[in-house]
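What follows is a short report on a single structure.
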Amino acid sequence: MPKSYTPVHDSIPEEDHFSSDDESNFRLHRIDRSASRSQSPKENEGEPSILAPLVRKSTDFETYLDSLTEDEQQLLSASKDHDIEDLDRFGDGTAAARRRFSESKKRRKLLAKRGGWRAVYYSKTWWRTLVVVIIALGLLVWGFLKYASTRGDIWEEYDMPGPDSYFPTPKGGTLKHWAESYEKASKLVERMTLIEKVNITTGTGWQMGINSKLTISGPAALVGFPSLCLQDGPLGIRFADHITAFPAGITTGATWNRDLMRQRGAAIGLEARLKGVNVILGPSMGPLGMMPAGGRNWEGFGSDPVLQAVAAVETIHGIQSNGVMATAKHYIMNEQEHFRQPNEWGIPYALSSNIDDRALHEVFLWPFAESIRADVASVMCSYNQVNNSHACENSKLLNGILKDELGFQGFVQSDWLAQRSGVNSALGGLDMSMPGDGLHWADGRSLWGSELTRAALNTSVPMERLNDMVTRIVAAWYQLGQDSWESPAPDGDGGPNFSSWTDDEFGFRYPGSPGDTSAARVNRFIDAQGRGEEGHWNIARKVAAEGIVLVKNVGGVLPLSRSPRANAERPYRVGVYGDDGGPAAGPNICTDRGCNSGTLAMGWGSGTVEFPYLISPIDALQGAWQSDVQMTPYLRNAVMPADTSDKDLCLVFVNADSGEGYISAGGIHGDRNNLFLQKGGDTLVHTVATNCGGPTVVVVHAVGPVIVEPWIDLPGVQAVLFAHLPGEESGNALLDVLFGDVDASGRLPYTVGKSLEDYGPGAQVLYEPNAPVPQVDFSDALYIDHRYFDRNNINPRYEFGFGLSYTKWELTNMKITRLQRNPSRLPAARPPDAVAPPSYDANPPLANESVLFPPGFRILSKYIYPYLPTLEATTPPPPNPEASGSATDQKPHRTKPSDAGGGAGGNPSLYEEVARIDLTVQNTGTRSGQQVIQLYVSFPHTVTESSGQKSHENIDFPDRVLRNFTKISLAPGQKMDVNMTLTRKDLSYWSVREQNWVLPKDEFYFWVGYSSRNLPLGKPFDP
């Protein structure tokens, strides 16, 4: 009997085992059987078999190879053909050739396992992979070139120069109401070291704070300036415990209620302060909603620049009333999720949003200008490019428009990894780099940090610019009174008291640093929501209720009765249908709400929060009726006709979700694929409405407009409510409107078209790249949303500003009063700076050991430091001998300041009131209610500008534009006198030729009414 066979791989560490089908194993078995026929067991006992390796002590593979016997080595290397050929039983060399080939394969495998270059050279898998990669790359290039050849006309269309430049960056501290803060800041900054200045401008890196999404890299400890905590977001405090999940921005915009907008902002600000947050990353006013399918439209307030601006201003006032810095984001033209970030979609470049100067000013800049008038402390620049220049280094946008023309006094921070260069972004107007990491997440390599220290020393970034960056940040801190903040109760230390990365009380101090295990108390579980009737749930519920828009109500089916007339023989039967009507497996079941499960109360992405609780519609409906009512839930989107036919009332819940591009859910990659209901919602409504024994009421929870054409005209669909994204009080707020506890007073913050095409070619998301740098053309941007419908005579299903009420209204006695006599065509001359900005020593400090890591300094992996490892490349360049005069005599080129500037939000004369509109509003119905009075302006029909020596250019305008609104509450029969004003800017257009706002000297027409197409009052006005 042959000696027992020990497989070769039994003595190799587990990770180095051969596969079960390894051919070398099979060959050894064959040879073993062959040898056993010519040798007896006795003969084999005295010498080791070449087929059975000795017992090995070492498990290291290379040691194992070195310990092979000579016979084993000869077999494995196949170095002596005649030794193998002796085993040839066929005698014709065929078997020998096969064995040589087989042993050569074994040799390659063994050498491949030795590591190093041999592992690569002898690895068949590696070579196969290389071939596949080369073929794939070839196909990719071929396909890309083929696509390019078919789309050449489009590529050529975008072969355009970049934007105008604006240098140097205007200094902050030129407006009187910021003067005191800048004076304090300058005294602090002039005492800072270079290291401290850089430290303030650069984030510490992703997950490098113990408590927050991000903490600005270390404090300026020597002068007492703290680290600052920046935290999302637009509808509450992201990642935090014991906070309120407020209704989303789109719901807030649908209230058209300035007071509620401010209350919501104040509550968010108070919760941020109690949680130790210095800067809240909201409100969002970009995207504006040019593309109705845009993934993050729901974070903003609606698809109109004036509505968006009013809501943003009220939110900012609310947040900053509690001493927390608000952030106006995303600046600017961040209108879709596809291709907004480099590398996120497999393309190395972010898309470019291409926009003309007039549309930029009149549409997309409008909310930002108003936010700056409201003294917003921070502006966040966006990921995308604008006219082929990254938004976070676009000097025209940051220096020219934001800091010069609009007079922004706060600081510009990058969106997380939106910074794409070091020196260019500093010179272009960026003041703070977030999260500190450079071109890739959590790699510990910053474009600023130590590189900004080096750039300041070698004068690539002038000290004048660095000092302004730091001063802007510190001045904003003083402006909000954060120098006098008390420590958060009960035992805070002035910093954030919650963790973004764990729900446990104790956790890692630097969770983003591999290998660091230092721990700290990271969660103090401080309740910031408020208690009882003063709790913030009450504000959330009011906003959610007033954000519900009633768009259809046949026969007054709503409001519902809590005591419906029951059939004498059976109880009143109510069916509740749809997954959206019930709870999910948990309100926070998906990270950043990245799934559509259960009732939809917010979209997904970084603009979300953790629900402390979520009242679903079915939860609220359980105790809604007072009489004998039998309610049966069918919380699924597939129902049978038999489930509906015996019901006296059918409530159908459907939705449409979207969010940020880093999450994909249900086949939606950020931006919606279309405007239809999701998860079979259209079929569900059709099935229920055509079979229900009574009226069908449809409730739509959606991130924006949805196409309702498949079912809106069905006789069974008697009421429809757009409930938007209502937050934690979803079900309770819905019942307030369903049963008439409050009036249906929401109004659409967008237009509901009959198809996606109704919104125009410029409103379509770019789903496939059309160039190496994807290009999105906003040539129709002046005609956003309802303006496009009006210009092209398209009948929408429901127009912008539309919404039904439970009562009736009448508008009368419209009167226009001139507040200025013969106002000039152009605004007044730009006023000089009210105060001089701070001045510092412009010379860089000496490059010495003060900028190096201190001796014995403990360096955390991936943490962003301002220190340099060496003094390499810190020497300023020598002066140019050909330049005349000394270096200090040389003055850099300075772009001429804008005539449209001179104050917060622009030239102060732009905001002088030129007209007042008075009217009387009466509630002529039988119920108390609320009404939104909307004021629209039509510009003169013929406005021309000189475009040359002889020719004149006709200036085109939208049919009418929203310019003001107010919301009132009246009892039955009650009257109220209402007035609204218009400013010079409201009646001006942006002249590209004159680079200023121009007031046409011809007849305007002012409209007053209930929506963009229901305007019963109107009068001409000649300024």
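The backbone N, Cα and C atoms fix where each Cβ goes, and this holds for glycine too.
From a predicted model like this one, the values you see are computed outputs, not experimental measurements.
Taken from Swiss-Prot, the feature region 'Disordered' covers 1-51 (among others).
Residues or ranges marked as topological domain 'Cytoplasmic' in Swiss-Prot: 1-128.
According to Swiss-Prot, the compositional bias 'Basic and acidic residues' annotation covers 11-45.
Under the heading topological domain 'Extracellular', Swiss-Prot lists 150-1023.
Annotation comment: Swiss-Prot describes Asn199 (among others) as N-linked glycosylation site, evidence class sequence analysis. Around the Cβ of Asn199 (N-linked glycosylation site), the number of neighbouring Cβ atoms within 10 Å comes to 27.
Under the heading N-linked glycosylation site, Swiss-Prot lists Asn387 (among others). Of all Cβ atoms in the protein chains displayed, 22 besides its own lie within 10 Å of the Cβ of Asn387 (N-linked glycosylation site).
Under the heading active site, Swiss-Prot lists Asp415. Take the CB of Asp415 (active site) and look out to 10 A: across all protein chains shown you find 23 other CB atoms.
Residues or ranges marked as N-linked glycosylation site by Swiss-Prot on the basis of sequence analysis: Asn458 (among others). DSSP assigns Asn458 (N-linked glycosylation site) to coil, not to a helix or a strand.
The region 'Disordered' feature in Swiss-Prot is assigned to 485-515 (among others).
What Swiss-Prot lists as N-linked glycosylation site is Asn497 (among others), and the listing cites sequence analysis.
For 822-841 (among others), the entry in Swiss-Prot reads region 'Disordered'.
Marked as compositional bias 'Low complexity' by Swiss-Prot: 827-838.
Secondary structure at Asn848 (N-linked glycosylation site), taken from DSSP and collapsed to helix, strand or coil, is coil. Within the same chain, residues at least 6 positions away in sequence whose Cβ sits under 8 Å from that of Asn848 (N-linked glycosylation site) are Leu871. Look at Swiss-Prot and you will find Asn848 (among others) tagged as N-linked glycosylation site.
Residues annotated as region 'Disordered' in Swiss-Prot: 873-909 (among others).
Swiss-Prot lists Asn964 (among others) with the feature N-linked glycosylation site. Taking the Cβ of Asn964 (N-linked glycosylation site) as centre and 10 Å as the limit, one finds 20 other Cβ atoms among all the protein chains shown. Asn964 (N-linked glycosylation site) falls within a strand segment according to DSSP.
The feature N-linked glycosylation site is assigned by Swiss-Prot to Asn979 (among others), with sequence analysis given as support. According to its DSSP assignment, Asn979 (N-linked glycosylation site) is in a strand.
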Exercise for review: Report the DSSP secondary-structure composition of the region 'Disordered' (822-841) as helix, strand and coil residue counts.
Suggested key: 0 helix, 0 strand, 20 coil
Exercise for review: For the topological domain 'Extracellular' (150-1023), would you mind checking the mean pLDDT of the predicted model?
Suggested key: 94
**Study point:** Cβ neighbour count (within 10 Å, all chains shown) around Asn458 (N-linked glycosylation site)
**Key:** 15
Review point. Given the glycosylation sites Asn497, Asn979, which one's Cβ is surrounded by the fewest other Cβ atoms within 10 Å?
Key: Asn979
Check your understanding: Helix, strand or coil: which one is Asn387 (N-linked glycosylation site) in, per DSSP?
Key -> coil
Revision key, fill the gap. Between the C-alpha atoms of Asn387 (N-linked glycosylation site) and Asn199 (N-linked glycosylation site), the distance in angstrom, to the nearest integer, is 32
Study note, to complete from the structure: Comparing the Cα of Asn964 (N-linked glycosylation site) with the Cα atoms of the recorded positions Asp415, Asn458, Asn497, the shortest distance belongs to Asp415
Exercise for review: Whole-number Å only: compute the distance from the Cα of Asn979 (N-linked glycosylation site) to the Cα of Asp415 (active site).
Suggested key: 40
